[in-house]
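So that you can see what the record holds, here are the features copied from TrEMBL:
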- Lys209: active site (ACT_SITE)
- 40-68, 103-104, Asn108, Thr134, Lys284: NAD(+) binding site (BINDING)
- 42-200: domain '6-phosphogluconate dehydrogenase NADP-binding' (DOMAIN)
- 203-329: domain '3-hydroxyisobutyrate dehydrogenase-like NAD-binding' (DOMAIN)
Amino acid sequence: MAASLRLRGAASSLHYWSRRRWPAMAGLPAVCSRSMASKTPVGFIGLGNMGNPMAKNLMKHGYPLIVYDVFPDACKEFQDTGEQVVSSPADVAEKADRIITMLPTSINTIEVYSGANGILKNVKKGSLLIDSSTIDPAVAKELAKEVEKMGAVFMDAPVSGGVGAARSGNLTFMVGGVEEEFAAAQELLGCMGSNVLYCGAVGTGQAAKICNNMLLAISMIGTAEAMNLGIRLGLDPKLLAKILNMSSGRCWSSDTYNPVPGVMDGVPSANNYQGGFGTTLMAKDLGLAQDSATNTKTPIFLGSLAHQIYRMMCAKGYSKKDFSSVFQFLREEETL
């Protein structure tokens, strides 16, 4: 199974929950009773740009953590605050029956779950495993099958909102899995996000995330192109951004995450495009969208072009910069 997953990795109705509208506890399915109102330790694997603040928000809500990251330095600040650090995903599974994973790629996720020291080596029956990585929906479905064989539950719950929302606890979670387990998952996810949406069966959370990120990439490129053109036509960038944001061209990339240095504070463009959501990860997500479009015979003309642009950026030294650095890329590519 692991081999087939690695191969994949290489290559209804909507339920809405918001922190402001907590559902009544009465009448919840018995299957959810193991987690409701419980402050037993939660496992967290993957403490990168997103996982670190997500884990900290669980701590703020009183959950003790059992953490692991492939880079030991990422665990140090958690160890310094008294959280338990272990040496493998299998160790996390041995000590916790609720585990959240936040990893960069399908291959990383497969390794954490199915590797030699993976979660499935020690997972307990009845455990709830929530993967907030952005991965191939097919990989999520395969992992769910393997987890189910072990008597546990797998849910995919990718996020939207970026590092800023992760820090403030305002992420949006798109959840796929057994509907009866949604209440158990939302108890934890609600500590890290202001919106938790049930999308359907396993894999539908990933489907929603892939569609969102494809649109985000397209809108970021469009914003960068519009800003670049306006600047070259003699417009002040702050004035142009103000006009766009009170006009029909307004979007998240223009009003919340503007790619032009000097237009906004507190965004990667104000910090030489450091931090945020990396260009490599955006190219990866667009690759997932491209694969899904191919498999479903869905035309994504702009999505495919966006994929090409971000792959080109990775090849030209932008791989570690935030994806909004597409503005800088356009400025430097006079002959694009």
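Any Cβ shown, glycine's included, is placed from N, Cα and C.
TrEMBL labels come from automatic prediction, so no person has curated them.
Shown here: features listed in TrEMBL, placed on the structure.
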{"residue": "Thr40", "record": "NAD(+) binding site", "Cβ neighbours (10 Å)": "11"}
{"residue": "Ile45", "record": "NAD(+) binding site", "Cβ neighbours (10 Å)": "31"}
{"residue": "Met50", "record": "NAD(+) binding site", "Cβ neighbours (10 Å)": "26"}
{"residue": "Ala55", "record": "NAD(+) binding site", "Cβ neighbours (10 Å)": "28"}
{"residue": "Lys60", "record": "NAD(+) binding site", "Cβ neighbours (10 Å)": "11"}
{"residue": "Leu65", "record": "NAD(+) binding site", "Cβ neighbours (10 Å)": "22"}
{"residue": "Pro104", "record": "NAD(+) binding site", "Cβ neighbours (10 Å)": "19"}
{"residue": "Lys209", "record": "active site", "Cβ neighbours (10 Å)": "28"}
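Broken down by DSSP into helix, strand and coil, the domain '3-hydroxyisobutyrate dehydrogenase-like NAD-binding' (203-329) contains 86 helix, 2 strand, 39 coil. Separating the Cα atoms of Pro104 (NAD(+) binding site) and the residue listed as 'active site' is a whole-number distance of 14 Å. Note: the Cα of Thr40 (NAD(+) binding site) and the Cα of Lys209 (active site) are spaced 29 Å from each other.
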